[in-house]
Structures are given as C-alpha cells and as structure tokens.
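K.L.:
Handing you a structure now.
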Amino acid sequence: MTKEELQTEVETEEVLTAEDGAEGVVLREDDAFEAMLKNAMSTAPSVPEGFRCGYVAVVGRPNVGKSTLINRLIGEKVSITSKKPQTTRDRVLGVVTEEDAQYVFVDTPGFQTKVGSQLIRRMNRQVRSTLNEVDAIVLVIESGGWRPADLEVVNLLPKDAKNVILALNKTDLLKGRDKLLPLMAESMQKFPFAAIVPVSAEKGRQCDELLKEIKAFLPESVPFFDPDTYTDRSPRFLAAETIREKAFRLLGDELPYGCAVTIDRWKEEDEAAEIIATLIVERESHKPIVIGEGGAKLREISRLARTDIAAMLGKRLHLEVWVRVRRGWSDDARALKSLGYD
Ligand SMILES: Nc1nc2c(ncn2[C@@H]2O[C@H](COP(=O)(O)OP(=O)(O)OP(=O)(O)O)[C@@H](O)[C@H]2O)c(=O)[nH]1
C-alpha cells in the first residue's frame, strides 16, 4: 500500500493518506429491485378516467439548461447543474404527477460531437436509444438562437418524429421579445416541431405551458409511479450524485471532466449512517486540485455533501470522501461498467 491518496475524514477533520479504495458501484441490481418492491407495495391511487402517463426525454447540447428545466418542472432536485458542460452523465428519472397526468422524465447526457473516447460514444448511443422509447421529446435550445451543436442534436431525433416539442430556454436573458417570432419561424424550417414554447427554466416562466404541450403526447394509462416518488434512483446513487455536484460547484473551472464518484461502503442503522465514497479523477495532477491546500477543498466538499445527504436520509451521518486516480478511466470499458455507464 503506497501512501499516495489523501483522504479527508470530515468528523475528525484529520487528513490521512491511503491508497486503494474498494471498487464501488454506483447502482446495483438490488437497488432497482428495492425500488420495484417499494412501488409494488405502495397503495394504488384511484385513477380518474382519461388519466395520462408516459415517458418524456429532454435533449439538447450541453449547457442549454436541461437539468435546470427538469429540476424546475419536478420541483425536486434530481440531477446536478453546474456552469460546466457535460455534468449530467447519468440517465436520471424524475416524476411529475398532476391530477390528470403523470410525466416520467428521462434526462439524457449532453450530446457530444467529439468522438474520442468510449464514454462519449456510449453517451450518444444512450441518447439515441432513449429517444426511440419515449412518448414525447423536448428539445432545448437557447432563445438566443440556433447554434451548430443544436443541429447535431436535431440529427439524433427519430426521422419523421411527430412528438418533438421545442423549448426556447433562457428567455430571461433576452433583451426584447421581438426576436422570438422570427426564431420560431426559423425553427420550423429545421424540424417539424409539434409545438414551440419559450421558457425560462431558471425563473420558472412558461413551464406549465410546456407541461400542457407534453401532456398531449402521453397515452392514456394508469400512473407508473407512486405520486410521492420523484426519482427511481436509490439513496446510494443520490448520495454519489450529491458528492459529485459539490465537487463541481466548489472546484468550478479547475475541475477536469474526468471525475466520478463511487460508494465503497454504505452502512445504515436506525438513527445513523456511515458512508465511504471515492472521488475518482483521471490524472495524478488532478488530485491536488480536488484536495486543495492542506485538504481544505476536499474537506469542504465532504462537509457540504454530508449536510445534504444527512438531510436526505434523516440520519446522523459519518461521511468519508477519498480521492483516487484511475488513469484513463473514461476510456476503459470495464471501468465504465463498474461506474454504471452501460
Ligand atoms: N439565465 C438563465 N440561465 C439558465 C436558465 N436555465 C439554465 N441556466 C443556466 O445554464 C447553465 C447550464 O444549465 P444546466 O441545467 O446545467 O444545463 P444542461 O443542459 O443540463 O447541461 P449538461 O448537463 O452539460 O448537458 C447553468 O449555469 C444554469 O444556471 C435560464 O432559464 N436562464
């Protein structure tokens, strides 16, 4: 065991060194089974006649505001947002239940045009397969206008799809609204959108309108999820996402894209929980950035994550976050699988 890796142990504020953490996985089969069991055991709600339910994918180039929009629609935090592109690497489901409809949202990773690593190829494949399975697709672009990368995403849409709604996001940044009509006309030349809705995900403007347009595409069906469910992800997954989010937020532009979180130990009792997690970075040189001077950055990431995860679990929490280098992890198929990127 070489003493290379730095760990911040939050409760004692002790900075230690250690090496190999366990090979943790983010989402395990039995987590999915637990969620299924929970759903099956929940009392079936009485369903009004004509109730609609279906899957909705939100797509768009990185940074257009997909996560912000989903979070706004759902009203609960389900996927991370940050100023940096490509933070939504995992498919995350969020559920909105209204009196007469249930929307099951599928967030997709930012579409990548630079095909260099297996990770990016997998992300694109995931986008394509998601789009063929859903009832409605929301394509998000910025209301400032079309960019070449937006068109790359249009090319991913199923040919002749009649269920694509265009959301023109960030209308709060527009100086005047007179540019919107020409932009809508221009948009119809690019794809036969079923509807176009200008929105501001950040300010919550026109989000109800967007839901109304989506609802038209949901088939009549009983709800798939208990109305209290807002995500199908396990606490273990949400904890890993929380740590990743804090890292992105705290490190801002310093943090390289190659970063993932594994949960190596998860122990829960009635009133307390113990979690050991590892932040995996791609290069040796990235490690000191994440750790910070005297462990300050990592300690802060851990402290913030601990507050949120403890609130989520409703328990006292002992959280340890380690940093480990896995060189070239984003190009390694086996590593990807172990991190949940199938
Ligand atoms: N002004 C303004 N900013 C917004 C709005 N929606 C999102 N943003 C900002 O745009 C940035 C990107 O938002 P995200 O929701 O992370 O974008 P994304 O499309 O999910 O990005 P990826 O995860 O990289 O695919 C963040 O800084 C958001 O705060 C909006 O309506 N108005």
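Each Cβ is built from the backbone N, Cα and C atoms, and glycine gets one as well.
Those TrEMBL annotations? Automatic predictions, nothing curated.
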K.L.:
Which range, 60-67, 292-299, does TrEMBL list as region 'G1'?
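P.N.:
From TrEMBL, the annotated region 'G1' range turns out to be 60-67.
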K.L.:
Write down the single range among 11-14, 107-110, 267-270, 283-286 that appears in TrEMBL as region 'G3'.
P.N.:
107-110
K.L.:
Take the region 'G4' (169-172) and count its residues per DSSP category (helix H/G/I, strand E/B, coil), listing them in that order.
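P.N.:
Once the DSSP states are binned, the region 'G4' (169-172) shows 2 helix, 1 strand, 1 coil.
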K.L.:
Quick one: of N63, T171, which of the binding-site residues has the smallest count of other CB atoms within 10 A?
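P.N.:
Least crowded of the binding-site residues N63, T171, by Cβ count within 10 Å, is N63.
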K.L.:
For G60 (GTP binding site), list the number of other Cβ atoms lying within 10 Å of its Cβ atom.
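P.N.:
The answer is 23.
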